[in-house]
Every structure is written in C-alpha cells, then in structure tokens.
Amino acid sequence: MKPIFIVALLFSTCLVNAKPSINDADIKREPEPNVAVPPCGDCYQQVGNTCVRVPSLCPARKREPEPNVAVPPCGDCYQQVGNTCVRVPSLCPARKREPEPNVAVPPCGDCYQQVGNTCVRVPSLCPARKREPEPNVAVPPCGDCYQQVGNTCVRVPSLCPARKREPENQDLWS
C-alpha cells in the first residue's frame, strides 16, 4: 500500500471514531457523500462507502512459466524429460566391482603369512620345535656283565656269570 493511502485511512478512521465535544443533537450535520476514501482500485467497485472486489474487473494475471528443471537435477544415469528424470542406461558409467577382500580361506597357520590370497611359509614365524628326548637306551643294549647308566653301559662284575675254567695244560690235539 502506498503511504498516502495509509495516512488517509488512519485520518478517516480517527474522524469517524472521534467524539465531538458538542452534543450531536445540537449540531445539524450534513450527510456525508457516498464516496469511498481513497477511491476503489482496479478490481474493486464502490458500494456505498466501501469497495467490493469484482473479479470480472480484474486484469488477467500474467503467470511466470515455471522453468523446466527437475529438482533436484538428474544424476549420472538419468536425463531430464520435462520435469522428470528418465534412466538412460547408455549414460551410466561402468559399474566398479568391489574387490574381494584379500583373505586366505582358511586363514594362515602359525608358520605362515598371507601374501595376496595365499599363505607363504615364513620360518621366523615358526615356534621353536620341541624335540622329543631320546629314550635312555644304549645302542646296542648292554651285555651280560653290564648295566645301563644313562646312555652308557657300565661293567658290573656281580652280574657276570661264573666262568667255566678249562683245565690247564691240556693237549688240545689229543
């Protein structure tokens, strides 16, 4: 609204609502003319002291055409057709396959390290081998007069059988 119109409207409202200090009965007032202040605009017609909107008096509104843009804009594989996006496979980039994780199945054991999808033996990763102690057996086993002590045979005379003594000075050829 224009500032002049607002001022005039406020002024007229104040005049209508103002109470005169003199009694209304004492003063003869002339009737106010049937004119709307300010005058009615384009789409309005004066009816009594008011303006009434009459649509047939209004000029046609000019509508701004909406731009033919899809909101949000179309993505990689899509092309705008009117206000919509249509999928066009030829516009799609080649799909990137996710590489399979580099995990050996089954997972590598103690002495092995994964290289790519395979397990490679790494001796430094191997735990020290526990050697089984050799049994405490002398090789060859101890004979008649001997007893095993650790890995050796020790002669024990008490284990020896009594020797048969051959007669002395016997002629062997007779």
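Just so you know, glycine gets a Cβ as well, placed from its N, Cα and C.
Sequence annotations record features per position, and here Swiss-Prot assigns disulfide bond to CYS40-CYS51, CYS43-CYS58, CYS74-CYS85, CYS77-CYS92, CYS108-CYS119, CYS111-CYS126, CYS142-CYS153, CYS145-CYS160 based on similarity to another entry. Look at Swiss-Prot and you will find PRO39, PRO73, PRO107, PRO141 tagged as hydroxyproline, backed by experimental evidence. The feature signal peptide is assigned by Swiss-Prot to 1-18, with sequence analysis given as support.
PRO73 (hydroxyproline) and CYS85 (disulfide bond) are 8 Å apart (CA-CA, integer value). Sequence-distant contacts of CYS145 (disulfide bond), defined by Cβ-Cβ distance under 8 angstroms and a gap of at least six in the same chain, are ARG155, VAL156, PRO157, LEU159, CYS160. For CYS74 (disulfide bond) paired with CYS92 (disulfide bond), the C-alpha to C-alpha distance reads 12 Å.
Sequence-distant neighbours of CYS58 (disulfide bond) (same chain, six or more apart, CB under 8 Å from its CB) are ASP42, CYS43, listed in sequence order. Rounded to a whole value, the Cα-Cα separation of CYS153 (disulfide bond) and CYS51 (disulfide bond) is 138 Å. With a cut-off of 8 Å between CB atoms and residues at least 6 apart in sequence, the same chain places ARG87, VAL88, PRO89, LEU91, CYS92 near CYS77 (disulfide bond), listed in sequence order.
Cα distances from CYS111 (disulfide bond) to the recorded positions PRO39, PRO73, CYS119, CYS142 are smallest for CYS119. Note: the CA-CA distance between CYS51 (disulfide bond) and PRO73 (hydroxyproline) rounds to 47 Å. In the three-state DSSP assignment, the secondary structure recorded for CYS92 (disulfide bond) is coil.
Within the set of recorded positions PRO39, PRO141, CYS142, the entry lying nearest in space to CYS126 (disulfide bond) is PRO141 (CA atoms).
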